[in-house]
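Asks: Provided herewith is a single structure, encoded as structure tokens, for subsequent inquiry.
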Amino acid sequence: MSGTKYVDSEGFLYAAPVREQGNIYKPNNKMMADELSEKAVHDVDTKEIDLVNRDPKHLNDDVVKIDFEDVIAEPEGTHSFDGIWKASFTTFTVTKYWFYRLLSAIFGIPMALIWGIYFAILSFLHIWAVVPCIRSYLIEIQCISRVYSICIHTFCDPLFEAMGKVFSSIRATVRKEI
């Protein structure tokens, strides 16, 4: 049984002592349990969802946050009856609220399924196709880049160095005539 390696006070490495009882993942041995100081492991795929704050990253703050005042407004001097204004506010708000709930009840799960499949395919292609292709390309282009670099250093560097020396002796003077 291979265990964790420990270092004693003199710096010698030794294997962890074998326990008489207890699970290897959750030891009953108090000394080892204190040393391991177990931490809760969180799986990102099985995390709890927040039913209160359903947009923690604020994805839809500027897009779908539309209230009655954002759509319908009466300027000064053109007001309808107060009862009509209150009834239209209530109608707008309740209709928007319940129609959204109806649409999400009908199409929410199928759309979640479609988007889940889409992002799974996208992740799969990125992991198993795009990144390997890019890595392969970089490996293959490395050979070409070395040949290109040698050609540049062999032919272009001396040419441009010579041109620089030729043009470095040119002096320009600016004179202002009135």
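The backbone N, Cα and C atoms fix where each Cβ goes, and this holds for glycine too.
Quick caveat, the model's predicted, so the values are computed rather than measured.
OK, Swiss-Prot features for this one:
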{"type": "TOPO_DOM", "residues": "1-104", "note": "topological domain 'Cytoplasmic'"}
{"type": "INTRAMEM", "residues": "105-125", "note": "intramembrane segment"}
{"type": "TOPO_DOM", "residues": "126-178", "note": "topological domain 'Cytoplasmic'"}
{"type": "LIPID", "residues": "C133", "note": "S-palmitoyl cysteine"}
{"type": "LIPID", "residues": "C143", "note": "S-palmitoyl cysteine"}
{"type": "LIPID", "residues": "C156", "note": "S-palmitoyl cysteine"}
Asks: How would DSSP class C143 (S-palmitoyl cysteine) in three states?
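Replies: Once the DSSP labels are grouped into three classes, C143 (S-palmitoyl cysteine) ends up as helix.
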Asks: Across the whole of the topological domain 'Cytoplasmic' (1-104), what does the mean pLDDT come to? Round it, please.
Replies: 73
Asks: Which whole-number value in Å describes the distance between the Cα atoms of C156 (S-palmitoyl cysteine) and C133 (S-palmitoyl cysteine)?
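Replies: C156 (S-palmitoyl cysteine) to C133 (S-palmitoyl cysteine), Cα-Cα distance: 32 Å.
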Asks: What does the DSSP secondary structure composition of the topological domain 'Cytoplasmic' (126-178) look like, as residue counts for helix, strand and coil?
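Replies: Its residues divide into 43 helix, 0 strand, 10 coil.
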Asks: Compute the C-alpha separation of C133 (S-palmitoyl cysteine) from C143 (S-palmitoyl cysteine), stating it in Å without decimals.
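Replies: C143 (S-palmitoyl cysteine) has its Cα 16 Å from the Cα of C133 (S-palmitoyl cysteine).
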